[in-house]
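Only one structure is covered here, and it is reproduced in the block below.
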Amino acid sequence: MDKSLIKLKVEERTIDESAKPLLERTLEEGIETAWDRLEKQQPQCGFGQLGLCCNRCSMGPCRIDPFEKDGPKRGVCGADADLIVARNLLDDLVTGAAAHSDHGREVVETLLMTAEGKSQGYEILDKEKLYTVAKEIGITTEGRNDTDIAKDIALSFLEEYGTIKNSIDLSKRAPEPTQDKWAKAGILPRSVDREIVEAMHRIHMGVGADYANILLHGLRASLSDGWGGSMMATEVSDILFGTPEIKESWVNLGTLKEDMVNIVLHGHNPVLSEMVVKAVKEQEMVDLAKQKGAKGINLVGMCCTGNELLMRRGIPIAGNLLNQELALATGAVDVMIIDYQCIFPSITQVASCFHTKIVSTSEKSKVPGAVHMEFHPETAYDTAKNIVKLAIETYEQRNPDRVKIPAKPVKMMAGFSVEAIKKALGGTFQPLIDAIANGSIKGAVGMVGCNNPKIKQDYGHVTLGKELIKRNILVVETGCAAIASGKAGLLLPEAADLAGDGLKSVCHALGIPPVLHMGSCVDCSRILVLAAELAKALNVGIDQLPLAGAAPEWYSQKAVSIASYFVASGVYTVLGLPPKIFGSKNVIDLLTSGLNDVVGATYAVEPGPVAAADLIEKHIDSKRKDLGI
Ligand code: BF8
């Protein structure tokens with residue numbers, strides 16, 4: 001490919017400076033990445049984009065003519081555009097809710113095994129949270145030892161997935177006016193598996209034809225994720241591995257080291273990655289790495305398991321979704337360990353251009369071309385050590401001439417759990433509430449979600465983030481959004497200089513950045529808890545607060561679930577890419593306006609970050625006016 005064309009493509013694809021030289025390498029050497037595959041997919045199917053293709057049953061696939069023409073207006077079964085679009089959306093949403101919640105279940109099962117003495121290498125690290133959660137869900141703590149309490153929490157949480165309790169305990173964390181809205185709309189979440197199974201039932205042919213009824217169940221299922229599966233993942237991970245505290249670390253592809261064994265931890269569940277962190281500290285491992293000529297072992301994260309490690313351990317993070325193939329293209333990764341979710345099936349192809357080994361660890365998530373070393377809590381530590389040994393052996397096969405680590409890492413601050421934020425504020429949320437009331441901080445936005453090659457990598461997050469802080473709107477982030485901000489330097493206290501005067505002075509006084517990293521995607525539950533705390537302090541519902549959500553570069557079904565539980569909880573949420581709903585005007589109307597009467601919030605779609613900031617500011621201004629501040 002022509003050099004100038006390569007340069008042009010690179011500039012179109014990312015704003016991440018550490019990614020650019022590697023993108024250049026992939027284009028020069030013909031290593032295929034997600035961007036190349038997106039190009040090859042053009043033009044993408046218009047029916048699919050509009051949500052008008054129904055492939056559920058073997059009378060189909062059917063598609064609806066989106067124009068006022070003579071084409072089909074109903075599928076073979078008689079489903080119209082509204083129903084087909086609604087069923088497709090519900091399918092996406094509960095796929096995401098299932099992914100979060102099944103991850104949560106594995107963490108809870110690990111707590112149970114730990115309490116029963118059946119796991120290897122785990123312990124209860126945050127006793128304070130153990131007691132807080134126990135009291136909250138009605139488990140006696142007096143005179144009992146930690147493992148008995150932990151066992152009761154685990155068993156109680158496992159029942160949140162089933163049908164025995166018929167209501168999710170942690171959803172009672174929401175302020176009463178919000179819970180009242182759910183009750184009135186008939187969307188109080190009962191249990192995680194139940195809502196998801198019922199959703200799969202509802203999208204079967206012939207189970208209802210009312211699009212609004214289908215979508216309402218979507219909200220209910222999303223609440224079982226946000227206030228259920230995801231929240232349990234967060235809380236139990238905190239109990240096992242510690243609640244995050246504010247700390248400094250490093251981010252971007254420059255976190256890989258030329259003279260060290262590089263292990264990238266990619267995926268989502270800290271149950272795996274925490275054990276690898278333990279294993280690399282073993283003197284035996286460090287000595288072995290040195291014997292093979294390395295200076296030591298360098299562990300870096302990728303995507304959300306990276307966020308989990310960053311938040312709790314300060315482990316540097318190499319990048320977000322679109323960095324995964326580029327990390328491999330450095331030729332410096334010895335082993336990439338994966339569990340599940342957001343792992344491109346192509347990574348073994350990229351790895352095969354170098355000495356790199358991909359190690360899959362979950363029975364649920366095998367990848368052709370990967371070495372499979374199955375991970376179970378009972379043998380977790382031994383498996384972690386074996387993987388680290390494999391990485392050290394693989395380091396010997398590295399070709400130094402192929403190594404290209406292009407940039408210096410950027411410093412960042414992370415660890416802003418709700419508890420850490422409260423501590424930074426002096427032990428109470430009152431200073432934050434005062435700052436919001438006096439207008440120094442206008443409001444807050446939860447910016448979440450992914451990268452998507454349809455948008456220049458990180459551009460959506462970084463541009464919207466800068467626009468919001470300039471307008472004195474505090475930004476809290478999770479997932480790949482937070483990693484994008486880290487790479488752009490927005491997670492540093494110095495970034496407060498880019499903020500409006502009010503937010504700037506608050507950040508300077510507290511020594512915090514204007515964009516706060518709150519964790520992985522399941523940790524969007526931390527954003528819900530923060531919103532609930534603020535609402536309760538003001539005696540209002542979440543929908544009355546000057547808050548908004550944003551997902552400027554989302555791609556995944558999990559993001560559909562997150563956006564939905566934000567909206568269902570009363571948080572107006574702006575998406576940077578359109579969901580596949582534009583084939584139904586009725587569905588668009590319900591989601592972008594009708595839901596206001598049901599949950600006090602709606603979705604919006606706005607691809608332009610500045611225009612999205614305008615929408616959000618207008619919304620926040622109107623909420624402030626309603627509150628009389
Ligand atoms: O759960 S933000 S690309 S890594 S889906 Fe995936 Fe999206 Fe990243 Fe984490 Ni979340």
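Backbone N, Cα and C define each Cβ position, glycine as well.
Whatever TrEMBL says is automated annotation, not expert-curated.
Feature annotation from TrEMBL assigns [4Fe-4S] cluster 1 binding site to Cys45, Cys53. The [4Fe-4S] cluster 2 binding site annotation in TrEMBL covers Cys54, Cys57, Cys62, Cys77. TrEMBL lists His268, Cys304, Cys342, Cys450, Cys480, Cys521 with the feature [Ni-4Fe-4S] cluster binding site.
Projection of TrEMBL feature records onto the structure.
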residue: Cys45; record: [4Fe-4S] cluster 1 binding site; Cβ neighbours (10 Å): 11
residue: Cys53; record: [4Fe-4S] cluster 1 binding site; Cβ neighbours (10 Å): 21
residue: Cys54; record: [4Fe-4S] cluster 2 binding site; Cβ neighbours (10 Å): 25
residue: Cys77; record: [4Fe-4S] cluster 2 binding site; Cβ neighbours (10 Å): 16
residue: His268; record: [Ni-4Fe-4S] cluster binding site; Cβ neighbours (10 Å): 29
residue: Cys304; record: [Ni-4Fe-4S] cluster binding site; Cβ neighbours (10 Å): 33
residue: Cys342; record: [Ni-4Fe-4S] cluster binding site; Cβ neighbours (10 Å): 24
residue: Cys450; record: [Ni-4Fe-4S] cluster binding site; Cβ neighbours (10 Å): 26
residue: Cys480; record: [Ni-4Fe-4S] cluster binding site; Cβ neighbours (10 Å): 33
residue: Cys521; record: [Ni-4Fe-4S] cluster binding site; Cβ neighbours (10 Å): 31
Quiz item: Which binding-site residues from the list Cys45, Cys54, Cys57, Cys62, Cys77 come close to ligand 1, meaning a Cβ under 6 Å from one of its atoms?
Solution: none
Self-check item: For the binding-site residues Cys57, Cys62, the one whose C-beta sees the most other C-beta atoms within 10 angstroms
Solution: Cys62
Quiz item: If you take the centroid of the Cβ atoms of Cys54, Cys57, Cys62, Cys77, the listed [4Fe-4S] cluster 2 site, which other residues of that chain have their Cβ within 8 Å of it?
Solution: Asn55, Arg56, Met59, Gly60, Pro61, Gly75, Val76, Ala79, Ile84, Met205
Practice problem: Between the Cα atoms of Cys53 ([4Fe-4S] cluster 1 binding site) and His268 ([Ni-4Fe-4S] cluster binding site), find the distance and write it as a whole number of Å. | Solution: 31
Practice problem: For Cys304 ([Ni-4Fe-4S] cluster binding site), just give me the three-state DSSP call. | Solution: helix
Practice problem: Compute the centroid of the Cβ atoms of His268, Cys304, Cys342, Cys450, Cys480, Cys521, then list the same-chain residues not in that set whose Cβ lies within 8 Å of it, in sequence order, for the [Ni-4Fe-4S] cluster site. | Solution: Cys303, Asn307, Asn320, Leu321, Gln341, Gly479, Ser520, Ser556, Lys558
Practice problem: Between the Cα atoms of Cys54 ([4Fe-4S] cluster 2 binding site) and Cys45 ([4Fe-4S] cluster 1 binding site), find the distance and write it as a whole number of Å. | Solution: 13
Self-check item: Between Cys342 ([Ni-4Fe-4S] cluster binding site) and Cys45 ([4Fe-4S] cluster 1 binding site), the C-alpha gap once rounded to whole angstrom
Solution: 22
